[in-house]
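*Asks:* I'd like to ask you about the structure that follows.
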């Protein structure tokens, strides 16, 4: 390996890294290690000591992404991911809320999509009647049917980060967690402007990282939403606004995905499994490796696996 760089960080960032590289994790972990991940031209090894080693041709670029990640001090007592000062009140399920959710972060092909939705408390019975629930429990046909009705019922803001721009931002040192934070904040900001002068009783974000880390990702942004903002994992079960956001995000993602398949001239699979590697290899043969950034998230391990299939 041509390069080796070691950085010192903390358990919060290492947990974010493990989540970021979840599709590239190696089954083998060295003694004293937390995880090892292999991405194109770089192997990342995180240790219990807080040290993280980057080895390979892209070691410097990969390490740079994490040297810019805000670091928070270690907490002596391990807390639940939902144990923080941003936890929603017990009554939130009956409140008028803006909810936001994202899809596409675990898919090799296709964009990242974030949607924020405002649901007035008086609309909750209607949303239940429409069948609004977590989009993971609905197939594409059900998503489409419910989403088409939701579009005329609730105010929303939808943002799509296409693959080329995603890869460009990632190469500039923005990890996926930061990109998600930027999109959530922007979608919420757009929606609040859209529904003004109406003010929601709160904003609920489907939690993908600790709230303090989320806000540190937004440190350089001019507009950051902080007033009555709550975070909860499985937010779609906490308030229907998040479930509605999840459905509209999935609806947008499916539409974008179908367009991408047409552009590729072949069906593209979702997810990040072996069938994705095979499809990516076929796509490279068909259109050339130069066009791959238009279709995929290059930092996924699937990139390297696809090229391996072509050897």
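For all residues, glycine too, the Cβ spot is worked out from N, Cα and C.
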*Asks:* Given that Swiss-Prot assigns 101, 102 to the divalent metal cation site, pick the one from 16, 171, 206 that the record assigns to that site as well.
*Replies:* 206
*Asks:* Looking only at Cβ atoms, how many others are within 10 Å of the one on residue 102 (divalent metal cation binding site)?
*Replies:* 23
*Asks:* Please average pLDDT over the domain 'RNase H type-2' (95-311) for the predicted structure.
*Replies:* 94
